[in-house]
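Annotated in TrEMBL:
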| type | residues | note |
| --- | --- | --- |
| TRANSMEM | 35-54 | transmembrane segment |
| TRANSMEM | 66-85 | transmembrane segment |
| TRANSMEM | 91-114 | transmembrane segment |
Amino acid sequence: MKYFQVLLQVLLLCGVSVAGNQLALLLPIKIPGSIVGILIVFLFLKLGWLPLSWIEAGATLLVSELLLFFVPSVVGIINFSDILWSQSFGLLAVIVASTLIMLAFIHLMTGLLAQYREEE
């Protein structure tokens, strides 16, 4: 019975994902359907229309098996490794620059939050 419950929860989450993809096609701005689906789940949870118990076990299963969802991406990267090597300097520069920007932003925000808490 437990497996059937998890299967139904995964199917419910898949249905919300499909609904998010379809809704994203109707929106005037380009938002990925997966993001729209996550927002739908969040909204339904916040409004109480979707109890957490209806999706908790299915979501836990999907998160625990998340690594399997990255296998096709890794295979695709391996297939195009020659392109990656030719663009490696640019990719590395973008990765380093974005990491440094994020570190600076986090440092700034942490300092601001610390000041805010000291003032309270």
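Every residue, even glycine, has its Cβ placed from backbone N, Cα and C.
From a predicted model like this one, the values you see are computed outputs, not experimental measurements.
Away from its own ends, the transmembrane segment (66-85) comes close to residues 91 of its chain (Cβ-Cβ under 8 Å, at least six residues beyond either end). Beyond the transmembrane segment (91-114), the same-chain residues lying 6 or more positions past its ends with a Cβ under 8 Å from any Cβ of the stretch are 84.
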